[in-house]
Amino acid sequence: MMCLKILRISLAILAGWALCSANSELGWTRKKSLVEREHLNQVLLEGERCWLGAKVRRPRASPQHHLFGVYPSRAGNYLRPYPVGEQEIHHTGRSKPDTEGNAVSLVPPDLTENPAGLRGAVEEPAAPWVGDSPIGQSELLGDDDAYLGNQRSKESLGEAGIQKGSAMAATTTTAIFTTLNEPKPETQRRGWAKSRQRRQVWKRRAEDGQGDSGISSHFQPWPKHSLKHRVKKSPPEESNQNGGEGSYREAETFNSQVGLPILYFSGRRERLLLRPEVLAEIPREAFTVEAWVKPEGGQNNPAIIAGVFDNCSHTVSDKGWALGIRSGKDKGKRDARFFFSLCTDRVKKATILISHSRYQPGTWTHVAATYDGRHMALYVDGTQVASSLDQSGPLNSPFMASCRSLLLGGDSSEDGHYFRGHLGTLVFWSTALPQSHFQHSSQHSSGEEEATDLVLTASFEPVNTEWVPFRDEKYPRLEVLQGFEPEPEILSPLQPPLCGQTVCDNVELISQYNGYWPLRGEKVIRYQVVNICDDEGLNPIVSEEQIRLQHEALNEAFSRYNISWQLSVHQVHNSTLRHRVVLVNCEPSKIGNDHCDPECEHPLTGYDGGDCRLQGRCYSWNRRDGLCHVECNNMLNDFDDGDCCDPQVADVRKTCFDPDSPKRAYMSVKELKEALQLNSTHFLNIYFASSVREDLAGAATWPWDKDAVTHLGGIVLSPAYYGMPGHTDTMIHEVGHVLGLYHVFKGVSERESCNDPCKETVPSMETGDLCADTAPTPKSELCREPEPTSDTCGFTRFPGAPFTNYMSYTDDNCTDNFTPNQVARMHCYLDLVYQQWTESRKPTPIPIPPMVIGQTNKSLTIHWLPPISGVVYDRASGSLCGACTEDGTFRQYVHTASSRRVCDSSGYWTPEEAVGPPDVDQPCEPSLQAWSPEVHLYHMNMTVPCPTEGCSLELLFQHPVQADTLTLWVTSFFMESSQVLFDTEILLENKESVHLGPLDTFCDIPLTIKLHVDGKVSGVKVYTFDERIEIDAALLTSQPHSPLCSGCRPVRYQVLRDPPFASGLPVVVTHSHRKFTDVEVTPGQMYQYQVLAEAGGELGEASPPLNHIHGAPYCGDGKVSERLGEECDDGDLVSGDGCSKVCELEEGFNCVGEPSLCYMYEGDGICEPFERKTSIVDCGIYTPKGYLDQWATRAYSSHEDKKKCPVSLVTGEPHSLICTSYHPDLPNHRPLTGWFPCVASENETQDDRSEQPEGSLKKEDEVWLKVCFNRPGEARAIFIFLTTDGLVPGEHQQPTVTLYLTDVRGSNHSLGTYGLSCQHNPLIINVTHHQNVLFHHTTSVLLNFSSPRVGISAVALRTSSRIGLSAPSNCISEDEGQNHQGQSCIHRPCGKQDSCPSLLLDHADVVNCTSIGPGLMKCAITCQRGFALQASSGQYIRPMQKEILLTCSSGHWDQNVSCLPVDCGVPDPSLVNYANFSCSEGTKFLKRCSISCVPPAKLQGLSPWLTCLEDGLWSLPEVYCKLECDAPPIILNANLLLPHCLQDNHDVGTICKYECKPGYYVAESAEGKVRNKLLKIQCLEGGIWEQGSCIPVVCEPPPPVFEGMYECTNGFSLDSQCVLNCNQEREKLPILCTKEGLWTQEFKLCENLQGECPPPPSELNSVEYKCEQGYGIGAVCSPLCVIPPSDPVMLPENITADTLEHWMEPVKVQSIVCTGRRQWHPDPVLVHCIQSCEPFQADGWCDTINNRAYCHYDGGDCCSSTLSSKKVIPFAADCDLDECTCRDPKAEENQ
């Protein structure tokens, strides 16, 4: 309410503010539609009875960032909220800051006076939430061991029998360090190998049967000092920064006191340059670079880890190579991945390889790149994720080697593109190593050969021996890895499907709950009915009889599914609460927000505070007259100025509608829950509330909502339906939602569009309601199968509809069951989320069978997952162990959040949204689940920008800790700059803070910040200028071994076997890595293993069994087993590397060998046999036997401009296969990769467009494209290749195309209308489904588009190749056929052409011409040396292609080709910077061009020639143009201090020093207090000297009060003498200006001065003056303009505000002073008022008021040359032509 009042007061001022940019308006439109869609979801349709259950959710893009998103959760994932202490339970209300920062209570005072009455008995503190999966070393927590049964004596049993020291070695990865002085074949390894090698470590250990001796000698160390390298066994993990006990076991060759030195780059000016003497020559013909990195979340774009860059040209170029992180193509600040770019000196554009998936922040990753002179490849964790053949030859000539530098942490540009994160090792080779080197070195025997190619192993201790800071920057932080290493990931975590929310949606996991009945064992669940009575305990909301009947119905429905309910009733005695109407989804902030909110349209809210309807006219004399007038009781009249909320005047229970009043008659469900503070940790709480629509029966909280087990969770039911006969199934339905069940009609009636990926057409566990035993069905209240329906998505029948299911909308007399899949989901969620609702204290089950991870003849090693709830400690009541990881790290989400920013009137995006775990479903899209500083004014399309100091959000954590990392989820932002956070302030416990400055962030990867601060961290404050930023959550992670985790006891595990172990007892495993090696095994014997968890003396259910025959193959053994149906086996159980954890090929990958080597094959430029039919990118369109494919040879369009949108681009093969969503700059991007319609929309205003339906076209703007084909035939398919699908982000109407085929007689045949989507590119239309077209011979295709934003790159036609039918169709009579819009595809007359004409090609060899049938012939064409193919029609020929196969059919060759001389074209300027090229001989094959430098650049090198080579590229340059400066110019009034500066040929960066002569100083220091005498000028990158001069000393002018009282001999210059005129007999001594720029004495007023100035004239020139000091001499008056908003300025005598020209720039007057002559200075006659500038300069809109010099010409918004979009958008609709023109005299238009 306070927000709204402030906005109303400010409305007149804000109304003058301009909008943000055009894209800003689009952003708000999307956000506003989100709010309206949320309203729509919450305002229920007719017959709706369930609120939250009906809410449509979009598929989540990043489930790993959400609560319960993966199982088991990674160390980098985030914990669930733990309950607050008991002191929090007593609070009856929460407070939020108002705009002044004061707390405003949300709960009325009379509710806070009696907290006991609200709560009844205070429940016990909730048991803690469970923690993460066990992934760290648990040395902190106790024995890391295994033993038999419950005995404490250790008995030898395989790995379990190893003594403690050895056991640790057997369950952790060992770091080994050695030298390469005497290399051995089995020890030659570089970098760290892929994690799959861990499997071999285990196999070897099992064979040896003992500790350290079992470590394979094949594994090599990490680089240490010179020429040392290490195999990947596992990624490193840093110890705490204070050097505490770590997590590495050191081998005998490793000094544990030293550790492994690594670098941490903070992302701020920490680039390192390799010293030239370290590496004689950087490899240029072939190389391999390997690096272990641990990147932070949030990076520069791009962020360079390492690279080789040009150090001679001083211009930004792609020459060299770079390895780093960047956003995916056309993705903005999202989808960041590892990349490898490379550009030889022969080409002008780099080739960029991008990884197949996002990088993982905070995870050690092995990244490698190779180049062999032809093939470049990128490897991530040993998998080849991208490759290319686009570059060839050496990187540079030998002469240019001196111009290349190796950098770490950034590139050589001014921006730096700094990397942020850890760099562990860097290894450099002079050869391109094979993929096996990165994965399976133990099988690789070329170690000695490779060692000779090793040229650099980076050493970081001491770092300055090999590296030096680049450009005077600083060294990165040096850290040391010590101690034991956390166990690496063995199994990829289970994740939900695309349409899922949690791991209970994972098909593999939920199938176990379906098939293994012990997981669905008996569960007794507690629930609590919250029954509110009056103060005397009378008049409860629901009766005891209602409660009894409902309880019986609940148990009757669930008990047959092993779920029973335990009832408790919580009575609240509070008359105030009892007499208030509680409304679902109607927050007080919505009342009177100038927008009718249907959910608040209730009589007791005054019909939304008058927003929905007014009761009549309110007369002013009725307000505040001691009576409540219904017509005045609204927000517009301030609710009768308080009369209607005065208990002395009216019955406030019926008349008080003011949302700010503590007496109001209504409250929201959220306020009720806030007042009661009933935590949902131990109970499912049942509340009662009404709704505006009486048919709302209930609302529930999803189990994945972050409020599910807080005081804001539970179920809200209508008391009118609760426990009433015929309505008891309503609560059963809502409980189903709480336990994770969707409506059975989800995916049919609940879907976003016809293309919704979660649409359900057949029963499925991955779409719809995620249950395969509930058939798709529409929403219906009829107790029968629904009738077939026909809607916009087509005609659909619904056989087997589950209308009797509790999750349908049928009545109680019809619903009677849950399906087995639904029962499995409910049991899963009870274990995953609600385990503390049960009486049982036993651990939750392990729902996945154990898995085999190692096997020898004598042993078998198994691994298992933790309990599904993630329990890693005993659940001690009241402890914080649920927030601890196994290394003693304590992690916590935000506890309280606040912002001084005024809240949006919609009630969304409040600071509270940033409390708790992240819950935004779709990162990078606007969401209602995040905080945003956006304030929108309804009806004005205006958002209020952040103030000059920025918008801020303060986030506080409950427990201050010694912090290690801060994680921040910034899920959406609008600013183009990545640094949307211009400052991040870390708040410390001692009230101090540390400012980190700006940080780069992505919207789909959380921002992680490594904290190096002293003291305990208590919170963080972030600052931004982006008013549309959205922040979802923040997580604070402590350093290991936190005192808050010191008392936590880990869970133990019991391993059961059938047949039993020799002792007859289960094996108890206490170590945290959940592994066990069984050495009591016999080959060929079948064994069954089960694991159960033990905690607090209780045993959980045994896991589903693993059945394995010892010696049999298994997934992960590195051998592809056909018997198991394996498609690959790379030796691990990790997905995302090409071979999934179930040994299936992943999409886009191919795997070869054993263990499998996997690589991405799509787009690598190589057409392999297995992809010939499927890969259009590598192999082109596959033409089946019996068909012919042809590309369009001619094209016509409705809108064509041969320069802007040439339609010829759609002929031939597509120039690009990349399809993207539409953005306005796409049609202007060069080079064009496709045709875009030239629809004249530039002059169309925003209002014009808003009146049209989304994506629609006006009649005159209809877009059509007609393409013609040379060879008419019977059409079988049409292929349409898209450049863009025309879909604008935020819009949902899919663009379409309607197709017509035109036959040889000119008749059109419709093929229907099809949606366009980049997900289906090319769009393939199967013509065989259209019988009316099959036997017509198609000559052209007409395409009509629904949107002008579509881009087409090519169209292809597939026809039947049957000769008998196609031969007569090759021609058409001249007088036949119709054309479209006057454009004809008729291209030749009829005539008999049965024989193939001879191929007579110059400069070509015709070889192997063979006849393949009557009228059919094939010829292979090869051009001579120095010639290349060129096509005049037909398919697109690759540049410099020399061979082609031509086919002749019915006398017609399929292509017209010729062999033309290779022409390299004029050399691109990027080949040699600052050079001119002279090509007097031409630019064809073997011709030469000379190189000359553009002054002042000087030629370096002896061979200034380029030669055109056979591949169409120029030879490598062997010279460069070095920018040098001549001798610097003479500096007047200065003496040169460095004599060598008088010479010529100064390198860029050279500094010359001068000393200014006495009485002069450096011009740049004129504004500073200290006047510098020493002048430095630098040779700049343009080959010119920096400007510099020495200027005379000038003293400060005397204060204005002395104006007109002094006379000076030479102004205020050096040695000038000034005399004050005081009219005294005694003459005053002169005051001198000294060479220091100071007066010899202070100017003082004459002693005899008296009197005062006359009062300034009132309102002269519309200015009035405020004279608080009076009018005496020296008094100051402040000018104020009578008409705001205006500024007082000083104008010349002959100029007024009306005659002021736009190019004049007057000076603003801050004050006037009464001088000693009793006159005002400046003269008030010269002070005028002109209109103030609006605070929207440089916002993308041309504001006419700002288009003048005084306002800096609106920051460039009114000139196309100064706009990034190059398009001026006038803000005012009636903008005068002159006002909106480009007036800036400095703009290009006015030069």
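Positions of Cβ are set from backbone N, Cα and C atoms, glycine also.
The record in Swiss-Prot pairs Cys1729 in a disulfide bond with Cys1681, which is drawn from Cys1681, Cys1759, Cys1775, Cys1780. As annotated in Swiss-Prot, N-linked glycosylation site applies, among Asn817, Asn1344, to Asn1344. For Cys596, the cysteine that Swiss-Prot lists as its disulphide partner among Cys612, Cys618, Cys628 is Cys612.
For Cys1733, the disulfide partner recorded in Swiss-Prot among Cys1714, Cys1751 is Cys1751. Cross-referencing Cys1521, Cys1525, Cys1590, Cys1595 with Swiss-Prot gives Cys1590 as the cysteine bonded to Cys1556, criterion being a recorded disulfide. The distance from the Cα of Cys1167 (disulfide bond) to the Cα of Cys1493 (disulfide bond) comes to 44 Å.
Across the disulfide-bonded residues listed here (Cys1003, Cys1167), the residue whose Cβ sits among the most other Cβ atoms within 10 Å is Cys1003. For the domain 'Sushi 2' (1462-1521), the mean pLDDT of the prediction comes to 92. Helix, strand and coil content of the domain 'Sushi 5' (1651-1731), in residues and according to DSSP, is 3 helix, 30 strand, 48 coil.
Across the structure, Cys1579 (disulfide bond) and His743 (Zn(2+) binding site) place their CA atoms 72 angstrom apart. A Cα-Cα distance of 73 Å separates Cys1464 (disulfide bond) from His733 (Zn(2+) binding site). DSSP gives Asn813 (N-linked glycosylation site) a coil state; it is part of no helix or strand. The domain 'Sushi 4' (1593-1648): residue composition by secondary structure is 3 helix, 15 strand, 38 coil, according to DSSP. Here Asn1408 (N-linked glycosylation site) is positioned 18 angstrom away from Cys1459 (disulfide bond), judged by their C-alpha atoms. Distance between Cα atoms for Cys1608 (disulfide bond) and Cys499 (disulfide bond): 84 Å, as a whole number. Among the disulfide-bonded residues Cys1151, Cys1158, Cys1318, the residue whose Cα lies closest in space to that of Asn1326 (N-linked glycosylation site) is Cys1318. Spacing of His737 (Zn(2+) binding site) relative to Cys1219 (disulfide bond) is 40 Å (Cα to Cα, whole number). Most other Cβ atoms within 10 A: among the glycosylation sites Asn857, Asn1344, that distinction falls to Asn1344. Neighbour counts of Cβ atoms within 10 Å were compared across the disulfide-bonded residues Cys924, Cys1318, Cys1493, Cys1521, Cys1579; the minimum falls on Cys1318. In the structure as shown, the Cβ atom of Asn813 (N-linked glycosylation site) sits within 10 Å of 9 other Cβ atoms. Within the same chain, residues at least six positions away from Cys1219 (disulfide bond) with a Cβ under 8 Å of its Cβ are Phe1281, Leu1282, Thr1283, Thr1284, Asp1285, Cys1318, Asn1321.
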